[in-house]
Amino acid sequence: MSTCLPIVERFHSLQGEGLHFGKSAFFIRLGGCKVGCPWCDTKESWSIATHQEATVEELSKEAAIAQSQGAAILVITGGEPLHHNLNALCKTIQDFTSHNSRETMPIHLETSGVDEITGLINWITLSPKRHALPKKSLLRACDEIKVVIHQKEDLLFAEEMANQSIKERQISKKTSDENHKISQPHLFLQPGWNSKEGTQLTIEYIKSHPQWRLSLQTHKWLGVL
């Protein structure tokens, strides 16, 4: 029996945020999120019941088509995608996209980190929230940390998450944890959309803390999905 997942939307566009911004990408937005960020720009994705399901085979076929049309990466987002078990989806995507190329399509995950990792993921963007702290496993495994900034407390939280990520990697290196990443995560601060205070705080902080980089929702500025 095929695995089904609630789908808000899937589309071929450009990655607008983080280290991979500007890349051609196929997005799969899964329904369901219990994190409940007040500033969320995809609140329509929170409920699972309002979204139709699709099989992992259907999604993978669409991913393979997007790959043949130039999509360089596949991004699983939400909602909170780790509310779902992603093992079947990731495996099926790899099977379908390997037919188009010598290498399977890289799978990227955008998550708050409140649930444990499932599925074989090539790149993890951790966007932790002050009111819903991430699992230690995500702090160890993430490739980049992106914190949305609205007020000063968010900057303190961003530093706390960065420091905790480094600490967890040092611990897991000693214990040979298979999910740890030896290298430090890329660090991004992203001003809250339409937040003048967040924008100013972000700019001034990065000017004096060069380990952090600016992430903008460039897809919104361009008016694309």
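Here the Cβ of each residue, glycine as well, is placed from N, Cα and C on the backbone.
Look at Leu14 (substrate binding site): DSSP puts it in a strand. The substrate binding site feature in Swiss-Prot is assigned to Leu14, Gln15, Gly16, Arg29, Thr77; the stated evidence is sequence analysis.
Under 8 Å, Cβ to Cβ, and six or more positions away along its own chain, Cys40 ([4Fe-4S] cluster binding site) finds Cys33, Trp46. Annotated [4Fe-4S] cluster binding site per Swiss-Prot: Cys33, Cys37, Cys40, in sequence order, evidence recorded as sequence analysis.
Summarising the annotation, Swiss-Prot assigns Mg(2+) binding site to Thr42 and lists sequence analysis as the type of evidence. Secondary structure from DSSP puts Thr42 (Mg(2+) binding site) in coil.
According to DSSP, Ser127 (S-adenosyl-L-methionine binding site) is assigned to coil rather than to any helix or strand. Long-range C-beta contacts of Ser127 (S-adenosyl-L-methionine binding site), restricted to its own chain and to partners at least six residues apart, with a cutoff below 8 Å, comprise Glu110, Thr111, Ser112, Gly113, Ile145, Lys146, Val147, Val148. Under the heading S-adenosyl-L-methionine binding site, Swiss-Prot lists Gly79, Ser127, Pro128, Lys129.
Annotation source Swiss-Prot lists domain 'Radical SAM core' at 20-225, citing sequence analysis.
The binding-site residues shown are Leu14, Gln15, Gly16, Arg29, Thr42; of these, the one with its CA atom nearest the CA of Lys129 (S-adenosyl-L-methionine binding site) is Thr42. The shortest Cα-Cα distance between Pro128 (S-adenosyl-L-methionine binding site) and any of the binding-site residues Gln15, Arg29, Cys37, Thr42 is the one to Cys37. Counted over every protein chain shown, other Cβ atoms within 10 Å are most numerous around Arg29 among the binding-site residues Arg29, Lys129.
The 10 Å shell around the Cβ of Cys37 ([4Fe-4S] cluster binding site) contains 17 further Cβ atoms across the protein chains shown.
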